Amino acid sequence: MLFATLEHILTHISFSTISIVITIHLITLLVRELRGLRDSSEKGMIATFFSITGFLVSRWVSSGHFPLSNLYESLIFLSWTLYILHTIPKIQNSKNDLSTITTPSTILTQGFATSGLLTEMHQSTILVPALQSQWLMMHVSMMLLSYATLLCGSLLSAALLIIRFRKNFDFFSLKKNVFLKTFFFSEIEYLYAKRSALKNTSFPVFPNYYKYQLTERLDSWSYRVISLGFTLLTVGILCGAVWANEAWGSYWNWDPKETWAFITWTIFAIYLHSRKNPNWKGTNSALVASIGFLIIWICYFGINLLGIGLHSYGSFTLPSK
């Protein structure tokens, strides 16, 4: 009872905080000069992170197993992972290029997890026999870590495509473009500072210098993030294969979840392979990664929505009216 009450409190704190953060984030996108609000948004993210961490620890202690047994718990863990990705550049004291992707991703994931759609999953339940294994934490956590990382990398690639295919793109009037500020807020500040510095120089700068510089940074970050995510996905699939052999007597059953996990792995393997070809590097490889973004959501959320196959534990069903 104590843990259930604590989880309830932490869930409401995280949902309330995330609602405030969403409001602040939207305001800062519309009014660029309000830097103080950006700091408040970051503090709200920190408060949400500690609330999520407390929730995960509380449920782990109360249930006796790592909280990854249904869609609700996995979404909470996914938002926690996205915040970790958001924090890594800050710990390294480097420019946080990922913040424009990780911040809204964390907000949306946590907001959906704590919404009323998953109410029936809020209560911790006893694991079914197939899930009562030490592989639960290893396999599922690796898969969710890979999903979070690959989603961030795919969004960076999608951002690259948006910039390259947008005609008449004026980097000197970005303040008027709310959509671009959503994805490239920190990049815009960097480009404004760069432009101001170069105005005082005497050497010529070609017109698309700023656009080229931004796309190169996005391409580099996307490749690095997806490479990490692909490694985590590979480890997660291998762990799942070993677990499947213990639980069902076969390493691979072509279950819908397994099939889409293989498709996801193949898509990002193609992306990494295409990076070795100079003719495919950049726009073409970014297109492959953007397709991967949709594939990940089908693999992770779509299969749970259908509730079919051997991986249908804790699947999501729409509440009846």
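Quick reminder: no glycine exception, Cβ is built from N, Cα and C everywhere.
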Of the residue ranges 44-64, 170-190, the one that Swiss-Prot records as transmembrane segment: 44-64
Surrounding residues of the transmembrane segment (259-273) on its own chain - C-beta under 8 Å, 6+ positions past either end: 143, 150, 226-227, 229-230, 233-234, 237, 240, 285, 288-289, 291-292, 295-296, 298-299, 302-303
